[in-house]
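> Structure incoming, see below.
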Amino acid sequence: MPREIITLQVGQCGNQIGMEFWKQLCLEHGISKDGILEDFATQGGDRKDVFFYQADDEHYIPRALLIDLEPRVINSIQNSEYRNLYNHENVFVADHGGGAGNNWASGYHQGEQVEEDIMDMIDREADGSDSLEGFVLCHSIAGGTGSGMGSYLLEALNDRYSKKLVQTYSVFPNQMETSDVVVQPYNSLLTLKRLTLNADCVVVLDNTALNRIAVDRLHIPNPTFAQTNSLVSTVMSASTTTLRYPGYMNNDLVGLVASLIPTPRCHFLMTGYTPLTVERQANAIRKTTVLDVMRRLLQAKNIMVSSYARTKEASQAKYISILNIIQGEVDPTQVHKSLQRIRERKLANFIEWGPASIQVALSRKSPYVQTAHRVSGLMLASHTSIRHLFSKCISQYEKLRKKQAFLDNYRKFPMFADNDLSEFDESREIVQNLVDEYKACESADYIKWGMEDRGKQVSGEGNTSGTVDSRVGAS
């Protein structure tokens, strides 16, 4: 029984990475650019209907909504060779087409104004599913539409589809370069609040690390957005292979998420992938084995989150959970031996209060895509060092806030009217609590962490702001 997943692509970045994702899925399932099953795609065994549905004329249509407040990226998709792939009823571009001006408050406010139109589209897709499992949101946290409207949609999905899983692929800005979006720290912090409270699982796509990997591993001196988006689509398609080519384990989104997230708040995942297909020099000399792939996945240089490779406290940081999705010709006994070797060499430092084991899901490769490697692997991991990424967001926010810089841009919108900046303060508190919780995960007595505060809240003492506490223990 397929468990369908609806994808929401929001904003410029969300639509660009979403487009690459659908290109990759079409290749892997033998679907043409027009949505027609290719003559050679006869092997079966895959579940196309998790991400696609079949129209009356047998075309495969993505279960996707393309949403933006300005038309440029969606126009380019509608004029591309994949223009006949999408359901045109599932495309939303704001009438004025003026965008959100890189302002979270504008994106959020416009989300409120067009909620009915977008929720109608979501409801229609949901009603067309036999057994809807959840939603995937693709967006950036730094701009205006992906962050602001994306935040509004996360809250709306939580209200209307509270029993469905919400997973996000969230692109974090490059922190090594000066951004042309001066209010990026404000946008990021406000979005992080919603990702903490309203998502069940967040796959962090860190542009800082993606650029580093493109330069260091793929030897691309000045990576373009298209090249980093190609890395993102590789991660997205690999992370969904067990749903599309089901095996014994992790063949639905609930199973995938449950195995990785033992505590509800710590639901931010980092990824690693090897071997990267553009590493041409390595193609000739590397023999990919399960041990080689699993060992490389634990190396900092292959992790797609910058905080992992850059922290001084790396020795204290620990894995909360690891799931390796291994694709290709793999003998399960090789997996067992590889796990033993990794354990003997102590290559992964785990938390003390949970199972210190790497979970492995074996997945078939698409028979329609030729790759140079026998075995490839994706690591999805929860790791306490990710808190440094959030700490960086807080410190960048505080630099701007101290100067009271650019706040007038936000005061124009209802949430911040009458100089009410409590939303900023609340968001900062929630993100700081998240940082503290990841830090607490490193200690053996984490299970007791926060109990005193929760006791106070139950008895009516302490923080009564509601928003912070109402979702403790639930995500």
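Count begins at 1; order follows the chain as displayed.
In case you wondered, yes, glycine gets a Cβ from its N, Cα and C as well.
Sharing the feature lines straight out of Swiss-Prot:
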type    : residues                                 : note
BINDING : A142, G143, G144, T145, G146, S147, G148 : GTP binding site
REGION  : 455-475                                  : region 'Disordered'
> Same chain only, sequence gap of 6 or more: which residues have a CB within under 8 Å of the CB of T145 (GTP binding site)?
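For T145 (GTP binding site), the qualifying residues are V10, G11, Q12, G14, I67, D68, L69, E70, G99, A100, G107.
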> Taking every protein chain shown into account, which of the binding-site residues G144, G146 has the largest tally of Cβ atoms within 10 Å of its Cβ?
G146
> Looking only at DSSP and grouping its letters into three states, which state does T145 (GTP binding site) belong to?
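Note: T145 (GTP binding site) is helical by DSSP.
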> State the count of C-beta atoms found within 10 angstroms of the C-beta of G143 (GTP binding site), not counting that atom itself.
31
> What other residues of this chain sit with their CB within 8 A of the center of the CB atoms of A142, G143, G144, T145, G146, S147, G148, the recorded GTP site?
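Everything else in range on the chain: G11, A100, N102, W104, G107, H139, S140, I141, M149, G150, N187, T191.
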> Count the other Cβ atoms sitting within 10 Å of the Cβ of S147 (GTP binding site), across every protein chain shown.
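Other Cβ atoms within 10 Å of S147 (GTP binding site): 35.
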> Let me know how many other Cβ atoms fall within 10 Å of the Cβ of G148 (GTP binding site).
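Counting Cβ neighbours of G148 (GTP binding site) within 10 Å gives 31.
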> Using a 10 Å radius around its CB, how many other CB atoms surround A142 (GTP binding site)?
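Taking every protein chain into account, the count is 27.
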